[in-house]
Structures are given as structure tokens and as C-alpha cells.
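Peer 1: Take this structure, written in C-alpha cells, and hold onto it; I'll ask about it next.
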Amino acid sequence: MKRQALAAMIASLFALAACGGEPAAQAPAETPAAAAEAASSAAQTAAETPSGELPVIDAVTTHAPEVPPAIDRDYPAKVRVKMETVEKTMTMEDGVEYRYWTFDGDVPGRMIRVREGDTVEVEFSNNPSSTVPHNVDFHAATGQGGGAAATFTAPGRTSTFSFKALQPGLYIYHCAVAPVGMHIANGMYGLILVEPKEGLPKVDKEFYIVQGDFYTKGKKGAQGLQPFDMDKAVAEQPEYVVFNGHVGAIAGDNALKAKAGETVRMYVGNGGPNLVSSFHVIGEIFDKVYVEGGKLINENVQSTIVPAGGSAIVEFKVDIPGSYTLVDHSIFRAFNKGALGQLKVEGAENPEIMTQKLSDTAYAGNGAAPAASAPAASAPAASASEKSVY
């Protein structure tokens, strides 16, 4: 009898548990690894969305040194980009003209800004006045020739192709019609930024700068319309090395501008076709360098290498006012071939960071007391290109 009662009691307890008399066990909390895997899966699903189902957006592109606005969406889109190749005569420097081959009428071509996972649809037109076919090789594209074959376009024709921006970074695009070096040397290059899905940190000012080397028949400064010199190009002996296609393109009245206390980001490219750039801003230290436009970040950098056909992103805070000179620190290129730019910064002086000259006394020899102050001797006259540098 006792055994029957015990069995009945156990059975009733199991019945109560089955009917919810006991609280249900909670599912284990999601681990960070599981959350990351779920996020990755969601991103992969978005990346695999057929391009025909994506929202369509017309790209906002900009001429240098302006930069398109940051991406403010959290989903992929089909981004339509229109490009036109134009061959035109423009000023290389005062009194010197050159027949440039361009994307959209200037050197560099327009800057393009898209988001990782976007499908980029390119409508590529070659102006009827062009003398040769042109195309575009996007270093941001994965696939045959970066789109060069798909965009090979005769004068007066338009071609269309698309690619998916699979990997974030800052990439060069350039013409790749033979002779490739000649097309690039005449100015056919630009930058496309593929923002990571999470975006880039906010900064106060952004600028677009591309270095290039030019090969004219005449020496630097020789007046008139200067033709391209293939022999100099093959020998890698440029007469001009410049930022944004022209001597003084970002100097003097065209200088970049910022205010003390602002953080500046520069998207720096090197169209080449031959030279590697040693990019430096005199009087500044780069807080961050996105090495070769990729994911790796170096900090506290004085100068950074920008390879031909490559790029870098540099960021720095301008603490005090002044005129900061941008150079290729292969320094004869700066002072003798044109690779000079300016960032003019306004604001209040801060002597805690740097003072003006505090004294000027006559040299008295090692260990001797300073001699009486005397008027400073006149310095040798600076060349026109050096007057605003230091």
C-alpha cells in the first residue's frame, strides 16, 4: 500500500511539472561569438541580394579637392556612376599649356564614394571629339581587368557595366587602353572610396588629392603648348610632378582651408604613372595613416609612401594656425617640379605648442656670453616656390 501511495505521489509531481508547475528553463544567453556570427550572416545575406532588387541611387561625385558626402545608409544599393572622357587643352602652369586626357574634364577625375556591398553601375561615355578609344580599370573591382574590357569605348560611344564593391578601402581608377602609360601620364586617373559598412569616423574637413608625373617635350617652364614626350616617360624623367594635375592647383588662392582645432582627413592618391610619392605635410604629424588606403592604421607618422597606382588616407588635428605645406618629400620634386600644396589654418596662437621667434642675438661662440643684440642680417632671396614653405 505504501509503495502504491509513493508511486502515485511521484506521478503527480511529474504531471505538475509537465503542466508548468515548475518554471521553464531559460535558454542560454547569446555569446559574443554567436552574435558576431549572426551579424556576419545578416551582412552576407545583404551582400547577396540580387542587384535587381537593390534601391537605385545616383552617385554624388566631386572634382578635386572636394570630397563627396559620407554614406548615411546602412544597406547596400545600386549606385549609378556616369563618367565621360574628354581630351582638352588646359594650363599646366603660367604660360604652359598641355593637352590633357581626362575623366570628366579635369585631373584627377571625379571622386566616387560608395559603401561596401554596393553594386556600382558605370555608364562610361567617350566624347565624340576624342582622338582615341578610352576605358577605365577600377582597382576597387574584382574581376577581369577591373572593368577595362567592359568599358573599352570608341569616340562617340557609351558603354555600361557593373561591379560589386566587395572590399572597403581607397582605390585608384585609371584608363588602361594601350599604351597604358601614355593614357595615365596624360591625366587619366582618379579615386573611388569604398566605405566600410560601419562607416568612417567623423572628421571636420575632408580633401581629395592625387599626385601625378607629367612628361613634356620642353623643359619645365618652357612656354606654349607642350606635347607629351614618350622617351622621357619611358626613362621615368618627368618635367612636372604635381598635385591635382596642375602646378599650384592647391596652393595660393587655391589653398585648402581649415581652422585650428579641426581634424582633417586627406584622401591621397598617386596616379603615377611612374613615381612613388613620399607624402608629407610640413609642420604636421599624421595622427592616423590608413596604409595604402586599406585597413591597417599606423599612428604618429611623419611621411607616408603612396605607390604609383595606390593611395593612403591621412588624418591629423591642426592645433595652431599657419600655412602648412604639402609636399612629395623627394624634395626636388616639390621645389623644382611642382609637387607643392598648402593648407591654410586660421585661429588663435597657442605658445604652449609653438612660439614665434623669441630672440635674435649675434653669435658669440661656444660657451661665451651672447653679444649685444643686432639687427638680423637679410637672408638670401628665396625662390618663388620656396617663399611660402617654412
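Cβ atoms here come from the backbone N, Cα and C positions, even for glycine.
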Peer 1: The Cu cation 2 site in Swiss-Prot lists H174, H329. Which one of H139, H246 belongs there according to the record?
Peer 2: H139
Peer 1: In Swiss-Prot, which of 176-190, 221-235, 371-385 is labelled region '3 X 5 AA tandem repeats of A-A-S-A-P'?
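Peer 2: Checked against Swiss-Prot: region '3 X 5 AA tandem repeats of A-A-S-A-P' maps to 371-385.
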Peer 1: Between 30-51, 250-271, 294-315, I'd like to know which one Swiss-Prot lists as region 'Disordered'.
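Peer 2: It is 30-51 that Swiss-Prot describes as region 'Disordered'.
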Peer 1: Reduced to three states, what secondary structure does DSSP give H139 (substrate binding site)?
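Peer 2: DSSP call for H139 (substrate binding site): coil, neither helix nor strand.
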Peer 1: List, in sequence order, the same-chain residues at least six positions removed whose CB sits under 8 Å from that of H280 (substrate binding site)?
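Peer 2: Same-chain residues close to H280 (substrate binding site) (Cβ under 8 Å, separated by 6 or more) are Q302, S303, T304, L326, V327, D328, H329.
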Peer 1: Once the DSSP letters are reduced so that anything not helix or strand counts as coil, what is H280 (substrate binding site)?
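Peer 2: For H280 (substrate binding site) - judged by DSSP and reduced to three states - the answer is strand.
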Peer 1: Summarise the model's confidence over the domain 'Plastocyanin-like 1' (101-195) as a mean pLDDT value.
Peer 2: 99
Peer 1: Quick one: DSSP breakdown of the domain 'Plastocyanin-like 2' (245-346) into helix, strand and coil?
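Peer 2: Residue counts for the domain 'Plastocyanin-like 2' (245-346) by secondary structure: 12 helix, 56 strand, 34 coil.
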Peer 1: In sequence order, which same-chain residues at least six apart have a C-beta under 8 angstroms from H139 (substrate binding site)?
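Peer 2: For H139 (substrate binding site), the qualifying residues are G146, Y171, I172, Y173, I192, G309.
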Peer 1: Under the DSSP assignment, what numbers of helix, strand and coil residues are found in the domain 'Plastocyanin-like 1' (101-195)?
Peer 2: 10 helix, 41 strand, 44 coil
